[in-house]
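Here it is: the structure, laid out below.
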Amino acid sequence: MDLASALQRHTNSSTKNTRASRQFFESGIVIYRNNAWHKLGDDSWQFLESLALSAIDNGRIDIAEGCLDHLTAGFPGSSRVQCLEGILKESRDGPEPALRFYQQVLEADPSNSTIWAREISVLRKLGKIDLAVDQLSKFADTFYTDVEAWLELADIYASQHQYTSALQSLSHVLVLTPQNPFYVLQAGETAYSAQDIPLAMKFFLMAIEMAGDDNDDATPPPPTGITMRAWYGVELSAARLEADPTLATSSPSKTRAPEHLPRLRKLARDVINSAQAGRQDVESEVSSRWLSR
Amino acid sequence: MTPRAQYRSASVPSLYLDPQIRDWVLFPITLVMILVGVLRHYVVVLLQSSPSKLPRAAIREQRALVRSNVLRATSANSPIPLHFYQAISQDLSKAFAEGTYLKDGPPKQGEQQAPPNPLSDPAAMDGMMAGMRTQMVMMVPQMIVMGWINFFFEGFVLIKLPFPLTLGFKSMLQRGIQTSDMDVRWVSSLSWYFLNFFGLNGLYRIILGGDEGADATNLAASPFAVTPQVGQPQDFNKLLKAERDHLELAEGMHKWIGDDVETRILKRYGRL
């Protein structure tokens, strides 16, 4: 790739917020080798940062170090550069030295949220789950509006089979972003794992309602993506509630089981079937076998 | 005024300005004011201390109210069932009552709750000093320039506006000249200074880009503005305690959107 087209590409791609490390690195390295990153103007620093990250992704520590040197010279003491330095340390020296680096930075500036978040992720990577949970709870308590912190906390709890705690974290996520059906679906799946079947079913139905289109007159189109997953969830929960009616009354969150259970189950089966109709692949076969279990 | 005098002042120019005034007074004053403005901008930039970093406890205290606001905003169409809502809401309410979120920890029993003194908090002090410094940088050069003009060019008439004006503009355009008869179109040196003082902001914005520190009409920075009230530090203890009532109210209005979601879905698919 020649320099001109690489430059052209990066002036255009800098606005996109994607992380295609491989492609970014391949064109970015041309600019870097030619020392042409100044030509990107205001974006040049951001380009260096992105190049360093993509270089780390591609295992080219030498390039990342070069970028970091330029950035450190440009912004001495910047917390953003420090974060990049920490990521580089994680990749090059392993988690323990990086953790020491993060702790050192945090000692000087305890409220640096990016470094704090990285420290927590390293703690989790090192398997110090208790410490990570402890820190992450403090983090989420301080920076309450950080949705990703709550999601991460829910993920850690779920990985430890603490589904009730995970559900509590997810309830904060839902309060913070009530408009995101993906989180509702995740809450539903977590509630299912926590044996709160009525709640799970409600969440699945909410996810379907939120992700569906707003066109009221037409019959809804066959489900795709997360709605499909949510319909499977509805079918599964409805089947379990029908098989074991005590589940409906033993909900830990005292959620009332949905009414019209048979109708809902029938609807879920019909919707799933309609999505698989006319398809002759493994997925439809598995799906139909599952429905006739 | 006799009819003859009236006739004279209307037809023959009564006053001629030496071109030297233009070259050695009008242009220098304008130039000096522009340069001072630019210089002041850079001094302000230099003086701006980086925002002091808040300790974790202070951030937590500041954002405690956000938590309850976020929660309350969702209560009428809540994404979470009452069980979870109550858990969060009552937890917050309890924490507010006990003062868990306060930066300095819960207040001690029986301790007199005096409003915090802004002078005792070093962080608030810093903010005040920064404001005063900026104000000094704004004021001192203006005073010097004004003194310079007053000392050297007092009573000078600098330009004649190319359009007629009513008498009401006399005090605005002929400051420092005590003649009642002179045509309002003549502008005195001191008035030229004031015209520049308020009129150059647009130029600064072009030269320096953006609405920058040199902008003298910037309320906090203008020497003519009332000294801005030093921000009274908020008494978070009181704020948080007051928030408990709101929380309780919102809890009463809680309605989970999942309550009748199954009927909505069934209706949508025509099964009900």
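Quick reminder: no glycine exception, Cβ is built from N, Cα and C everywhere.
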Name the residue range among A:30-51, A:96-117, A:118-139, A:272-293 that TrEMBL annotates as region 'Disordered'.
A:272-293
Report, as numbers and ranges, every residue of the chain located at least six residues beyond the region 'Disordered' (A:244-263) whose Cβ falls under 8 Å of a Cβ in that stretch; write 'none' if there are none.
164, 191, 194-199, 201-202, 205, 238
Counting only residues 6+ away from its ends, which parts of the chain sit with a Cβ under 8 Å from the region 'Disordered' (A:272-293)?
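Contacts of the region 'Disordered' (A:272-293) (Cβ under 8 Å, skipping residues fewer than 6 from its ends): 222-224, 228, 231-232, 235.
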